[in-house]
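Have a look at the structure below before the remarks.
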2 protein chains.
Amino acid sequence: MDTWLLSRMQELRDLQGLIGLATWDQETYLPAKAGPARAHQLSTLQGLHHERLVDPRLGEALARAASQDLTGDARAMVRVLSREREREVRVPSDLVKALAEAQSKALHAWREARKERRFALFQPALQRLLELRREQADAYGHGGERYDALLEGHEPGMRVERLTPVLSALREHLIPMVGKLVGARRPVARLFDGRRYDKDAQWAFTLRLLQDIGFDLEAGRQDVSIHPFTGGTHPLDVRLTTHVDETSPLSAIFSTIHEAGHGLYEQGFSPAHYRTPLASAPSMGLHESQSRLWENIVGRSRPFWEHYFPALRAAFPEALAAVDLDDFHLAVNEVSPSLIRIESDEVTYNLHIALRYELELLLVRDELPLADLPAAWNARMEKYLGVTPPDDTRGVLQDIHWAWGELGYFPTYSLGNLYAASLYRAAERALPDLAGHLRRGELLPLRDWLRTHIHSQGFRLPAEELVRGVTGHGLTDTDFLAYLKSKYGALYGVSL
Amino acid sequence: MDTWLLSRMQELRDLQGLIGLATWDQETYLPAKAGPARAHQLSTLQGLHHERLVDPRLGEALARAASQDLTGDARAMVRVLSREREREVRVPSDLVKALAEAQSKALHAWREARKERRFALFQPALQRLLELRREQADAYGHGGERYDALLEGHEPGMRVERLTPVLSALREHLIPMVGKLVGARRPVARLFDGRRYDKDAQWAFTLRLLQDIGFDLEAGRQDVSIHPFTGGTHPLDVRLTTHVDETSPLSAIFSTIHEAGHGLYEQGFSPAHYRTPLASAPSMGLHESQSRLWENIVGRSRPFWEHYFPALRAAFPEALAAVDLDDFHLAVNEVSPSLIRIESDEVTYNLHIALRYELELLLVRDELPLADLPAAWNARMEKYLGVTPPDDTRGVLQDIHWAWGELGYFPTYSLGNLYAASLYRAAERALPDLAGHLRRGELLPLRDWLRTHIHSQGFRLPAEELVRGVTGHGLTDTDFLAYLKSKYGALYGVSL
């Protein structure tokens, strides 16, 4: 690859890293009054990134490189950057501006609507955003299914045609499964009720977890933010945040494990890919598979807590002295249909996603008038989960995603769950004593297996292809359903 | 001013702010392994800033604006940015690259030379840097005095012709003054000997000082770094750092007051100047005047400690129970010729600067062979301060500035001291009860006076002109010498 092209790739990555820094700082250490100043700085950086990406000289250099006989990695770099550039080029700058304005208005309207608990206050702003996103989908280009063009922004290569059957089948399996688990009515211990738990002790526990899990604290850090996230500037500068809730250490613990899953992915990119388009996950779904694998499959497993529960009890004896491991394990895996997605368990979670995916698809296809959205939401909640939102704030207004104009993002959460289960099953085959490792607090064998087979591959292959190479098959709900049946069947003493 | 020009000004300021963020982060929270990645990111940002600044379209827009009938502030913005751009345009990019390489090599050689305590190991790298800086001075352009072109980078408008007589006269006054003070031999209490002092208590004390001094912690913050500095991204996002030394709280206290002086300047820019070239001090010397005014003139004064000493004693009773205010006041103002500039007191300090300024001038004029530099250094140390460095590390190799290629920077420290004394005297005239305010811990009247007369003016006028408008006269050593005579005459019981 010629040095000019490589240096432009590096410059683009540096700009992305700096956007990462400014965003991380905004959520962690930015002084209260500096919000508008930071918004300007971020907008300047994003503008420069856009300008460099759509630069015709970059297009020519990529075209030249694509016609050359490049090595595998260089070819992949050119392919990934070309795809990113093509998408960016296709959206007219007037539309970019209109979207930014519509987003800003929608965010405001969404907040107001939540206060008043009335979707109608959000509807006009969402309508505008939806029209612009349809326009954007047409600008990106698609083969008749606009949603594909939006999905492509989060899950490159995935299509509605492939996704719908998988998520629908999953939904049809989950609805009766949830019914059985709710019917089993196991009494669940209420943990950490009504006391305050020392923040330093919580923090120390999360740092111990990060160390054990193999998150390199010399190539990353953990800080506190209101909403946990993973950011940073480079694979050697990965920044996790967690949320410390004084009323229960479980919030910080599971947030830390979740974000560490993302963080290990970022730290695991190959040094040969640093500052190139390959130091990136091939999809949001695959990124999310790593956080969910660690948080749910490992972090809510019995072997994991066989090792950590004594330490947790020692750290918080006032809450846990009378709780045994089985009670604890059940309590952190309680299945209970609820109104709110982010509070839901791993069995009902995908029903929340199915609902959103189906509604998004209808909206993007213009098959559901926005005025009918709350009713459609509530009807599906009743049908899938047996609960009905008492108001829009606890229903259709609960997520910020649509106010951001994000469409095609929600399904990546379910893809994360499905990929996680398939990858974990492959890891079990490769590491026959995996449960034993977890039981002894040895988390590195799993991290190393994931690093070799997933993280270090970066964006060489599309997500599903990469997963197929590792597990022998592409996207499927088989492994996830088998995992749920085995785990929750045993926990609730029912046959699923 | 046309909107394109304004938006380019804003973009440049945003980029400077982001350079500030990446630099601050590098010194505070950057993970250990991320140094090289951050260097790349900073270099990319600096490259973009350079590219935008030298952009011919900016040159044309500035020329167009300069020919228009602009309001005072807009005219000043155009003037300040044009000057900055002119300097940047004049340096060929090959020279910029050569300087960066030479700096990097010089820094390495300087560190090695310090370890071996031998200037000779640093000499070739410094020689190269010196030649390139002379070349750069010629590129900038000057009227026969190369040093002027370098000085202009730190102290716009200042010239050797004006500076030399002032610093020489100051030196000639200080040498006998130091002699008298040393001769007075007052016994000075050794404070904080041999114990460890709680870091949290130190931190709390510095935060109280920041609050009292009127540093807005919602428009800035304080963190810890090895070397204290003031940075940030915007007047509403000003970041101070301090150094907490477990063996004495005085290090953190005086660092905090010093940096708060810089920080108040940054926070005090007019909102009308945000994101324009006017939200900037007109010189390093004037910026330094604010840190030194607060650290030395206020922060080492008796009225100030009449208020704070009881609190300090209450915070650290194990060290201060038996110390009285007079002992303490003398101890934090002890005059003692020393080898190291950064450990020196405010009387001897300017002799360290005189020495460096004189040697820099000889070097830039090519009137002193580098091989003779250590001997010239040591001879002046003996002559001005009566002490002789036992080795080069405690002599000519002590400062990092020359290894950075900084020439023309040192004199701004003395300018800071001189401007500080003149401004403080003007403040005393405007605020007749200033000492009373300090005695009662009321620091805001002084802050507000400085904000009105200095900070909020930004870069409307060159430093000396701004000072002249406020004090009635330009650069002078009269006020500084009067301040020293009065303060140290009383402290040491001698007539100066």
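Keep in mind that glycine also has a Cβ here, set from the backbone N, Cα and C atoms.
No curator has checked TrEMBL annotations; they are predicted automatically.
Note that the structure is a prediction, hence the values are computed from the model and not measured.
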Zn(2+) site partner of B:His258, B:His262 (as recorded in TrEMBL), chosen from B:Glu218, B:Glu288: B:Glu288
Which same-chain residues, if any, lie at least 6 apart from B:His262 (Zn(2+) binding site) yet have Cβ under 8 Å of it: B:Thr230, B:Leu240, B:His287, B:Gln290, B:Ser291
Cβ packing number for B:His258 (Zn(2+) binding site), 10 Å threshold: 24
Least surrounded among the recorded positions, given as B:Glu259, B:Glu288, when other CB atoms within 10 Å are counted: B:Glu288
Other same-chain residues whose Cβ falls within 8 Å of the Cβ centroid of B:His258, B:His262, B:Glu288, the recorded Zn(2+) site, in sequence order: B:Thr230, B:Glu259, B:Gly261, B:His287, B:Gln290, B:Ser291, B:Arg292, B:Trp294, B:Glu295, B:Gly416
Euclidean distance between Cα atoms of B:Glu288 (Zn(2+) binding site) and B:Glu259 (active site, proton donor/acceptor), Å: 10
